[in-house]
């Protein structure tokens, strides 16, 4: 890999160009250049690579299956929303060399990195980037360049003093351990040191009892604090001697604070911690809209990658828009638009492969999208939600609505149905085979408007709303029979728990405004799906929060579009083992509830909760993407509360000039929460700009219910929701009722 290899980079059946790929000496970067021009085209860091797939495991490589054998093909998959890299090697041996080599290089990150290891990797990374002449040592000029790259604005005298202190060999350059010393002096955390001193009698160590005091008084750890203190010393104290004496040094204390146990996110809520034996309608379900699209809604690309990415993100409700294709084979794409098409068989094969393997500790039911045949024209958009061993058969219900626990490893199809659910289970009755009411009237209307936006003329096809339905397909629809929504009264009198209605975002908003309490009650016994307006042709998203506030379970978002809305979605579903199901609070599961999100007093329970956040400091914040080289950021922190209307709020700190490396704010922000059970808290770091909009630096979002009080680190995420170690915020959290 370090010698370099000539391979074909492939973008389509006709675009296959030879490129020379080479792993750099730092073993951290791969660059490739054009064979024809010799120009270096691009480079990527090993840390950007999520996984490597062998063989024809992408649409592009599948289309070339007859031309190139699978053993020469592989796909490099990146974190976030960056496109994959499809490659064809000259031989099976060369392909294996790269596949195995890349897996070795990304392997260490499959284990949780200790903060020490992150720090070491980070130090090595910076050293190699700044060591311009690659002689393995760094002179003062290179160090100054490095400080600029690292977002540090430091006066020359101070930098020189640190440099000379670290240069133990007095050679005028730093190498190896000397650079580590320099880096440690640079990253000295005074705020952590003074906290350590507050609890340490001799200022050098925390005894077991002193650590227990800190955990009880500051971190509000209630039970088993002595066992926890012992555990933390064993896990995070770097010195063997100190470990043997059951004491924690300042280094060990900092490592604990940077660890998962010192994170703002309650580690007990990372795993599956909620009751999974309630009816399905009692859960919020992670849901995506037009899952096959990875770009816009009119001309964007359809790809199985859309399904893979959504499933890996913990999404449990996918959409599959099926239309008749050539030779009677159904195709998946966005009807009446110019989006590209993918065969339905590829979609279901992908679902079979990825639906239950997202690394979830316990994959529960998956509500996804499946097909419904149109009159000679289309299989309607469907939600599929998974049957044992991936079969699509009907399951027999024991209760009005089964639980995620009972539906594990099953796929539910949402769609139209001939007759009633009872007839499917008791065998066919004498009823005429009329399809159930369509719930897509609103969506069809949206499509008419979208067709105009897209400039297509399909109005005649759209007029054909009368559809015939195959009996076999109808029988697959068990718990999610689509019905039109004709008002809450009508639903209460004539609907069944096994039925589901889909509402456009605008219709849902009107119902929230006019009948908030009725909406909450309705969602306590029946599923509701919300989808984006057809006018969102750019794949933008609406706020899911207002829909969750009334208990809507299937709030479908465009997963391909980064932004606040997807941060909220990732934030809510990052708990409970990332299984894609989050239990609604008790007052939203009661069919007679008085709760209305626009009147917080209607929630039974204690009065408002006060959330006090002291924003202390930031650590090694990333530079703004596409900023001028050398532009050091002026960071500020904004804390946003997303919840019921009375709780919606945001406050921000002042900005710190020219310091993205270790800014100190020491500012306190305070919020009143009337319905904390529904609140999400989003921490955003921005680069202040007085002439234009601030630039995004990083964010972290979590449900209020998952916050740990005390001194905590917040490990920031990129726009795409991927981690950016070691960037973090250090805060103190207090919650009072």
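Cβ coordinates come from backbone N, Cα and C, glycine included.
Under the heading domain 'PH', TrEMBL lists 1-107. Along the domain 'PH' (1-107), the predicted structure has mean pLDDT 87.
The region 'Disordered' annotation in TrEMBL covers 362-404 (among others).
As annotated by TrEMBL, compositional bias 'Low complexity' applies to 385-398.
Here TrEMBL flags 421-464 (among others) as region 'Disordered'.
The annotation domain 'PI-PLC Y-box' is assigned in TrEMBL to 473-589.
Residues annotated as domain 'C2' in TrEMBL: 589-718.
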Three-state composition of the domain 'PI-PLC Y-box' (473-589), taking helix and strand from DSSP: 49 helix, 21 strand, 47 coil
Helix, strand and coil residues within the domain 'PH' (1-107) as assigned by DSSP: 27 helix, 42 strand, 38 coil
